[in-house]
């Protein structure tokens, strides 16, 4: 204020004949100049933090919850399914058909996840990032309602449809929410916001395990409430989700609604529009590039048209980013995390823990996974994506190989169960520092706004496809080769490490356009060469 008064006084002294309105305008101009010359760096704001919290609790957490909760009441729900078929169809199920039915209940969730991943590309562009996220919440609530009522209605069909709906919601969430959060965040905070979705999934798995304990909702008659209790969080978060800003990038570049985009960006950052010039210039540049050469291979052939999953797959310029994203997303599942958790209770019991103690130890593994995801909020902006992903994949491959070796001697060497226990915890730790969180959001940093929904859809589909593949193959592998199954997972993870080491560029501090340029020549690209290092 003192600067403004001094400028106004000086202005008045040098031009004594000017009118008061002229002097006032001079003061205003000086104020605008001072405001605009201050270096503005967008950071954490109220709406940005609110978006991270609400989508983590109301969208991502239910995904993990529905993944982790179904194992605890499995035998009780099988009994319900058998009794329902007897009472309604007079058709008792033997053990084989009961296992087939239970496999359907479990796998329909993954099928829903794959379907939701594909639909995510369409809904994100048609409805917008925020409105598509609202759709995921509605599907999640509908699924919970079916879980709550299926026992009273004596309907296995309601249980299966409920699992399908929450699977659809999960696929949409993993496709849309990381994209929404990274588009809301400034470039330097994209990693921290990207971790919110995987952290929510990890917390959801942990909460599902805890709620399945006997003194919570693990009782014989409590399973409908156990399956549906997550809906309370979704219902609480849904009204808040409705008041969040839409992605300014989506409004500006996809919808070309500059006025609304600027208003939403100003509301999101909590500052006036006058200090957003740099961000607006970057948005205009990206919009102009999309309208011109674009990010695809077909410059001059209608780049303004929408990016479908098929079009992205055909783009030579974006082929390497798509391969890297799908490899990371599929590798997150084919690294064997679910198999390790499956074996963990057996390992802990052989180490001398009781049934309850083994269950608590498995929950402790889930807690380690959550804690590492939380640490990534601070670690990612400092260490970068590439070093963490490389260290995590290499460490996971070595830990899996060590686990396979240790488990072959678990019955012959007295102290080997403790080695197995340490190896499991070590694997969960290194997995959580890279393979767990980074694949979820890395697509948002590799694809520009136009092809981003299609890229995220392909990545999410690869993730759910890897989950389905492991779920189908692991039981057979376990029966055929036992602990040596982990050598298969180790080899796959080692191959992922080599692929990432050769082609994965550092995305921290780089715009998607810069990343695309590094990878523009497919497998002939050299994204790690010095000339591609961003300034």
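Using N, Cα and C of the backbone, Cβ positions are placed for all residues, glycine too.
Annotated features in TrEMBL:
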- 52-508: domain 'Major facilitator superfamily (MFS) profile' (DOMAIN)
- 44-65: transmembrane segment (TRANSMEM)
- 100-122: transmembrane segment (TRANSMEM)
- 134-154: transmembrane segment (TRANSMEM)
- 160-181: transmembrane segment (TRANSMEM)
- 193-217: transmembrane segment (TRANSMEM)
- 223-244: transmembrane segment (TRANSMEM)
- 320-344: transmembrane segment (TRANSMEM)
- 356-377: transmembrane segment (TRANSMEM)
- 389-410: transmembrane segment (TRANSMEM)
- 416-442: transmembrane segment (TRANSMEM)
- 483-500: transmembrane segment (TRANSMEM)
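The transmembrane segment (389-410) makes contact with the transmembrane segment (416-442), as judged by at least three Cβ pairs under 8 Å among residues 6 or more apart in sequence. Ranked by the number of CB pairs under 8 Å to the transmembrane segment (320-344), the listed stretches 44-65, 100-122, 223-244, 356-377, 416-442 are led by 416-442.
The list of residues near the transmembrane segment (160-181) in space but at least 6 beyond its ends in sequence, with Cβ under 8 angstroms from a Cβ of it, reads 51-52, 55, 59-60, 62-63, 66-67, 104-106, 108-121, 123-124, 129-130, 132-133, 135-137, 139-140, 142-147, 150, 193-194, 196-197, 201, 227, 247, 440-441, 443-444, 452-453, 456-457, 459-461, 463-464. When Cβ distances are compared across the two stretches, the transmembrane segment (193-217) makes contact with the transmembrane segment (416-442), since 3 or more pairs at least 6 residues apart fall below 8 angstroms. Counting Cβ pairs under 8 Å to the transmembrane segment (223-244), the stretch among 134-154, 356-377, 416-442 with the most such contacts is 134-154. Averaged across the domain 'Major facilitator superfamily (MFS) profile' (52-508), the predicted model reaches a pLDDT of 90. Sequence-distant contacts of the transmembrane segment (356-377) (same chain, at least 6 residues past either end, Cβ-Cβ under 8 Å): 68, 192, 195, 198-199, 202-203, 205-206, 209-210, 213, 341, 344-346, 348-349, 388, 421, 424-425, 428-429, 431-433, 436-437.
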